[in-house]
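Annotated in TrEMBL:
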type	residues	note
ACT_SITE	S94	active site
ACT_SITE	K217	active site
DOMAIN	64-253	domain 'Peptidase S26'
DOMAIN	451-486	domain 'Peptidase S26'
TRANSMEM	12-39	transmembrane segment
TRANSMEM	66-85	transmembrane segment
Amino acid sequence: MKSAPRAKWVKFIVMTILTIAFVIWTGYLGVLVIIPLFFDSYILKYIPWGFWKSSGNLAFRKVMEWADAIGFALVAVYVINTFFFQNYQIPSSSLEKSLLVGDFLFVSKMSYGTRSPMTPLSFPLAQHTLPILDCKSYLDKPQIKYQRFAGFGSIERGNIVVFNFPAGDTVALNQQAVDFYSLSKMNPRGSYGVRNDKAQYGEIVYRPVDRRENYVKRCMGLPGETIQVKDDEVYINGKKVADPENMQLNYYVQTDGTPISETVFSDLGISKDDYATLNQAGEQVPYYFDPMQEMQNANPLLARSMADDFKYKADSLHLTQLGFIAKGKNFGIVYTLPLTKKMVADLKAKPFVLKVFKQQERVEKRNITEDKQIDFPFYYPIAYSTGWTRDAYGPLWIPKKGATITFDKDVDYKVAAYERVIKNYEGNEFAYRDGKVYINGKQADSYTFKMDYYFMMGDNRHNSADSRSWGFVPEDHIVGQPLFVWLSLDKDKGWLNGKIRWNRIFTSAKKK
């Protein structure tokens, strides 16, 4: 022991202090067992940790060197990803123009307090599926009860938050782009029809909380608040809140026939996926995003009833009804674009632009069987016909830990809005029959919530699948806060033509 160099003692002391600090932070007393291992590795040298280094077999040494390096890297990545930081890539335009498709985020798990690993036996860097092998990247058991360690703060309104997708608890593997609850609503036989049609939907699997897809949105509603959207403006407890600086909505843009060049689109920050023309050379031009493919798979009858809504017609009557200006019989070129307020002002200043106005959404009845209709598009709570739209949503109360709801009036609505919270997120048995609520087998006149919940929205308000579509985000689904953009790649450009957005690297992603 006395022959151990001073540097080894310093390393041992540092590792011991770090281990004790980790145990104090997490309460994981079992981690203390590694301190004797550190003592042996740095001081005693009783266990031959590097036995393979003295082997005369070169191939064996090389294999063990790689195994040692890979093993250390996997353990380090697992610990860092689980408790401290992780990478997240923006996959969709939900938060544009605050965060862009192709942004890589450095996400702090300590900002709101690190969530303890709930599914501890999982492969690092794979959320739920191993690439190439296409199999689960985790073992279902054991499951550890949710707890959250001390952090630097709590979620505030306007924060951008990374979280696990709540409606991703149940997944149809053949149609993962649409959540199970929406598929069930669109199927004439509901969830039974989805579960029993493996040819179309594939296997139906359950994913633990921390193995569900990671999403990133902006928190607009906090626990215990009532949120409402009126004419695209968010109101909390009846008071209007400020819009995010880069919030964008869908607009129609009409020109005198002059095409908007790709250079103009690029200068405005509009990607190729975000624009399409409604009428050019007298053709009917489909909207750039076409959910009909998914809808056709889910419910052909509903798809047929919606077909006209997802193909924009270029006839004069249709364009006049939408509010476009005709010069003679010429409507010029009409685009549909998601735009920020600044983009709207910039386009209106173009001499060839005749008109710019916001798209409106309407809810209609759609047939899913010959004698059954649903609202479309539909919003949360999807089991209740509210008539709400993306622009006129709520009011909806957000559950808060310790708060109680009663089932004395508006029971149908309350069941639709809060059943998933009580049953799926808080682990209770739930039944509703003959106008009465039963929780864990007993009739219940009220329920007290066990967790806090949040209402998340995308800044790309007309093109974001967010809490308006699938409901609340429970506190145990919160992953962390993006701190900064460490890399940003433009999918519309080549490596030698501006693919790397240098002006975004190391910019803050906390509120944008």
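Glycine is no exception: its Cβ is also placed from the backbone N, Cα and C atoms.
There are 23 other Cβ atoms within 10 Å of the Cβ belonging to S94 (active site).
In the shown protein chains, 24 other C-beta atoms lie within 10 A of the C-beta of K217 (active site). For the domain 'Peptidase S26' (451-486), the number of residues in each DSSP class (helix H, G, I; strand E, B; coil) is 10 helix, 17 strand, 9 coil. Counting residues 6+ beyond its ends, the transmembrane segment (12-39) has Cβ neighbours under 8 Å at 83, 116, 149-150 in the same chain. If you take the Cα of S94 (active site) and the Cα of K217 (active site), they are about 7 angstrom apart, rounded to a whole number.
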